[in-house]
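First comes the structure, then the notes that go with it.
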Amino acid sequence: MLCGLGGFSLLLGLASREQRLQRWTRPLSGLVWAALLALGLGFLFTGGVVSAWDQVSFFLFVIFTVYAMLPLGMRDAAAAGLASSLSHLLVLGLYLGLQPDSQPALLPQLAANAVLFLCGNVAGAYHKALMERALRATFREALSSLHSRRRLDTEKKHQEHLLLSILPAYLAREMKAEIMARLQAGQGSRPESTNNFHSLYVKRHQGVSVLYADIVGFTRLASECSPKELVLMLNELFGKFDQIAKEHECMRIKILGDCYYCVSGLPLSLPDHAINCVRMGLDMCRAIRKLRAATGVDINMRVGVHSGSVLCGVIGLQKWQYDVWSHDVTLANHMEASGVPGRVHITGATLALLAGAYAVEDAAMEHGDPYLRELGEPTYLVIDPRAEEEDEKGTAGRLLSSLEGPKMRPSLLMTRYLESWGAAKPFAHLSHVESPVSTSTPLPEKALSSFSPQWSLDRSRTPRGLDDELDTGDAKFFQVIEQLNSQKQWKQSEDFNPLTLYFREKEMEKEYRLSALPAFKYYAACTFLVFFSNFIIQMLVTNRPPALTITYSITFLLFFLLLFVCFSEHLTKCVLKGPKMLHWLPTLSVLVATRPGLRVALGTATILLVFSMAITSLVFLPAASNCPFRAPNVSFTASNLSWELPGSLPLISVPYSVHCCVLGFLSCSLFLHMSFELKLLLLLLWLAACCSLFLHSHAWLSDCLIARLYLGALDSRPGVLKEPKLMGAISFFIFFFTLLVLARQNEYYCRLDFLWKKKLRQEQEETETMENLTRLLLENVLPAHVAPQFIGQNRRNEDLYHQSYECVCVLFASVPDFKEFYSESSINHEGLECLRLLNEIIADFDELLSKPKFSGVEKIKTICSTYMAATGLNATSGQDAQQDAEQSCSHLGTMVEFAVALGSKLDVINKHSFNNFRLRVGLNHGPVVAGVIGAQKPQYDIWGNTVNVASRMESTGVLGKIQVTEETACALQSLGYTCYSRGIIKVKGKGQLCTYFLNTDLTRTGPPSATLG
């Protein structure tokens, strides 16, 4: 016994102090169990006469501890529990079986012991199974929460990159807040505002330089390219320009066909913004010269730069593109248009800021455009100091065209050369953002399968090889493991009060207490097992008086009623076959699971019922001290005296009443989700009741039993280990404190499980919101049918996105009067209020896109006060070719209706703003090439002759009219619209064209008319 006690103490000391022993939990736990078992067996033969009821409570404690306290698996715990039970039964059975018949009947006592041990094993296994199940669920939820957190972080990075690919950081924060508000209020809805205006995200910046650049000769070259070549060429060219812009601290604003413009001095002011733009312009010209020299393709770069102030920001609701507006921007545009190919054309304002950094020469104004001629200010051409050096070195790159031979198309030569520049693909930066989720190893199932409640207590006990499966992003995984450590309940936490374990947030505490508990029925069922064990024990060790039988019968009836209520939902089929008046019975179990007050009342009543029945047999024993074995005339020879008190129960029922009380303690621990304070109250109540019974009111029974055991030996008294009332009190206190520790640990894990579930739900909702935000942002850059190509599992950005269409209707709708309306003065905040009105116009136009009948209309971009849109882009490639002309171009009618709706919207704005703006619309249909270009600011655009002609139809149009080409007029005529001829007009780059005006006074006229006009 002393060896076992010493070994047990040593093992406890080693386990608590030596962290390296934590990896040997199984052998260490086995040694602890062996030490406890050795102590128990030693106690059996220490301190007096050996009896069948000796140390039953201690062995019950060993059995329950193996399941609930030691870090063993279920199989090992069950083996240890059964071994403990059998060792007690076999040792006492063999030892007492060889003794004289002075002891009471041995077989009923051993049977009672077996029932006690069986109940202890079942209760322990039940407790362990539920705790492992709860901890595994908590572990899974923690890992799921970790996955959600990683997804959330990834989505945040996605939307951050997407926003920053569209907008500067200072503007992105403001617009992100509005998008979040729209998502929370419902997609597509506008957040409530104190006025009737849409939000305006435009600010004024002074001290900036604006650069416009146009590729001369690109239109002719583009007509010879395949769709893939065109998109690749544009991406490589503008990707190169983006790199140059980054080197010179310039911000690309927008790409308009083959026109590229950027600003230096945004969003942060730069003292050398003019020098930055000039350097960038020179480098762009130099890059094009190298391209022309290497490929022999006749293209050039025309650049214009002007310095001044701008209004910058975003207007409209869809397809955001950061843009700049001001008279200075218009001047920079005209500087490019009137410039000289291969040269950088600057104004006097820019020259003044160069401070002699570059030599310049006067630009000839005889070929200047009317806008510059009207201003009357001199302009200059920058002399590139490196141009002569390049001419002297020659063009080694010409070798490419000579090697490839004259048969290769210029577009193909140019494409091959541009590929060597290695421009980044659009959204390529997002592939790095996605890698943590898409490529990393999922948090290991091996960890989950190897998980047990005890495994979670220390990081050093993680499964072998687990570290190899976790990447660096899974460092938080071990934080989850650490939080599952039961010792964390005593430490400071952001979520829990370390003393009461209450949640710090009152709403969360209330939600926890009101949460449903479907497992309550299993708690009641296991408690019934404890009650039934007490019943069998009482029947084995008593003479079964009628009153005791009647009491148990009534209690059985109450338990069956409770179990019926708890499990009524499983009897639904049977109940529904019966009378309708009983159909409400299955709802009882739902009420019990969902009503906390009802659960607490039933749980408390069940435990009190077990408590009362555990001591019922003592009621039938007299309270007066009339023990016959204490009489002086009783001699040792009277060994044949009965073990029963006159008119009462056998004395052996006294120690078994103690054991039944111990089972009563266990019944309190079976309700895992019962609050700690209620368990504490019930355990205190039961401890006080048991100690009062066995140490005070019925203490004489223990003394009488001792007198019977030591009959005739007046000087002989048993030790503490053999004293029923003292050993019983010790057992009560041991179980009280043990179950109290378990109750707090259970409370911690139940609350932790609830916390992780709540966090998981919150993070899933936040992740879903972020995913929606990412989707909205991406669809604000790309059409809905293109966005999936660049996000999620369908990402295919290893190749450029391009698509050719046979029949697309392109619309350009402008408000030419806005140019005259726009002014910069102190009254309108230097043009800001003018842009506010333009924002209302564009935003109202955008709102039309949300209407179902315009779902096929795709906004492409806005160019100052010009609105560009297209239909037919959501058709799959080649689909149009398989359909007849009427069906393939049926979407032209949608575009016409959209153009009419734009005019109606503008009329409403005129009414409210007291203006007289009129819309000028140009339409054209035909083949186009669509694609996404630009790595820094990816942009969806369409190219082709169809787009160019549509733009000319608008620029040469008439206010209040929709001008179309002859081919488009024929197609609209076939759809039931009426067109009339305008005549022959001169169109820049196209020569003489016959155009038509669409009769918008009428809707479709039904049968097609014979003529267009």
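Here the Cβ of each residue, glycine as well, is placed from N, Cα and C on the backbone.
Panel annotation: around the transmembrane segment (33-66), residues 1, 3-5, 7-8, 11, 72, 77, 80-81, 83-85, 87-88, 91-92, 95-96, 103, 106, 109-110, 113, 116-117, 120-121, 123-124, 127, 652, 655-656, 658-659, 662-663, 666, 709-710, 716-722, 724, 727-728, 731, 734-735, 738 of the same chain, lying at least six beyond its termini, place a Cβ under 8 Å from a Cβ of the stretch. Annotated transmembrane segment per TrEMBL: 33-66 (among others), in sequence order.
Taken from TrEMBL, the feature transmembrane segment covers 110-130 (among others).
What TrEMBL lists as domain 'Guanylate cyclase' is 209-336 (among others). Looking just at the domain 'Guanylate cyclase' (209-336), the mean pLDDT is 87.
Long-range C-beta contacts of ASP258 (Mg(2+) 2 binding site), restricted to its own chain and to partners at least six residues apart, with a cutoff below 8 Å, comprise ASP214, ILE215, PHE218, THR219, ALA222, LEU234. Annotated Mg(2+) 2 binding site per TrEMBL: ASP214, ILE215, ASP258, in sequence order.
All chains included, 21 other C-beta atoms sit within 10 angstroms of the C-beta of ASP214 (Mg(2+) 2 binding site). What TrEMBL lists as ATP binding site is 214-219, 256-258, ARG302, LYS861, 941-943, 948-952, LYS988.
Positions annotated as Mg(2+) 1 binding site by TrEMBL: ASP214, ASP258.
Per TrEMBL, transmembrane segment is recorded for 522-541 (among others).
Look at TrEMBL and you will find 547-567 (among others) tagged as transmembrane segment.
For the transmembrane segment (600-624), the residues of the chain that approach it from at least six positions outside its boundaries are 520, 523-524, 527, 530-531, 534-535, 538, 542, 545, 547-548, 551-552, 555, 558-559, 562, 565, 592, 645, 648-649, 653-654, 657, 660-661, 663-664, 667-668, 671, 674-675, 678, 682, 686, 689-690, 693, 697-698, 701, judged by C-beta separation under 8 angstroms. Annotation source TrEMBL lists transmembrane segment at 600-624 (among others).
As annotated by TrEMBL, transmembrane segment applies to 651-673 (among others).
Within the chain, the transmembrane segment (680-701) has long-range Cβ neighbours (under 8 A, six or more residues past its boundaries) at 604, 607-608, 611, 615, 618, 621, 623, 625, 627, 651, 654, 658, 661, 664-665, 668, 724-725, 728-729, 732-733, 736, 739-740, 743. The transmembrane segment annotation in TrEMBL covers 680-701 (among others).
Here TrEMBL flags 726-743 (among others) as transmembrane segment.
What TrEMBL records for 809-954 (among others) is domain 'Guanylate cyclase'.
The residues of the domain 'Guanylate cyclase' (209-336), classed with DSSP into helix (H, G, I), strand (E, B) and coil, number 59 helix, 39 strand, 30 coil. The list of residues near the transmembrane segment (110-130) in space but at least 6 beyond its ends in sequence, with Cβ under 8 angstroms from a Cβ of it, reads 52-53, 56, 59-60, 63-64, 66-68, 74, 77-78, 81-82, 84-85, 88-89, 92-93, 519, 522, 526, 529-530, 533, 536-537, 540-541, 656, 659, 663, 666, 669-670, 672, 742. Listed binding-site residues: ILE215, LEU256, ILE942, VAL949. The one with the lowest count of other Cβ atoms within 10 Å of its Cβ is LEU256. Counting residue by residue with DSSP, the domain 'Guanylate cyclase' (809-954) contains 65 helix, 38 strand, 43 coil. Around the Cβ of ARG302 (ATP binding site), the number of neighbouring Cβ atoms within 10 Å comes to 25. Around GLY217 (ATP binding site), a 10 Å sphere centred on its CB holds 16 further CB atoms from the protein chains shown. Taking Cβ pairs closer than 8 Å, the transmembrane segment (651-673) reaches residues 51, 53, 56-57, 60, 64, 68, 104, 109, 112, 116, 119-120, 123, 126-127, 130-131, 134, 517, 519-520, 523, 526-527, 530-531, 533-534, 537-538, 541-542, 603, 606-607, 610-611, 614-615, 617-618, 621, 643-645, 679, 682-683, 686, 690, 694, 698, 701-702, 704-705, 708, 724, 727-728, 731-732, 735-736, 739, 742-743, 746, 750 in its own chain, all 6 or more past its ends. Remote same-chain residues near the transmembrane segment (547-567) are listed as 520-521, 524-525, 528, 531, 535, 538, 588-589, 592, 602, 606, 609, 613, 616-617, 620 (criterion: CB distance under 8 Å, separation of at least six residues from the stretch ends).
The number of other CB atoms found within 10 A of the CB of ARG952 (ATP binding site), across every protein chain shown, is 23.
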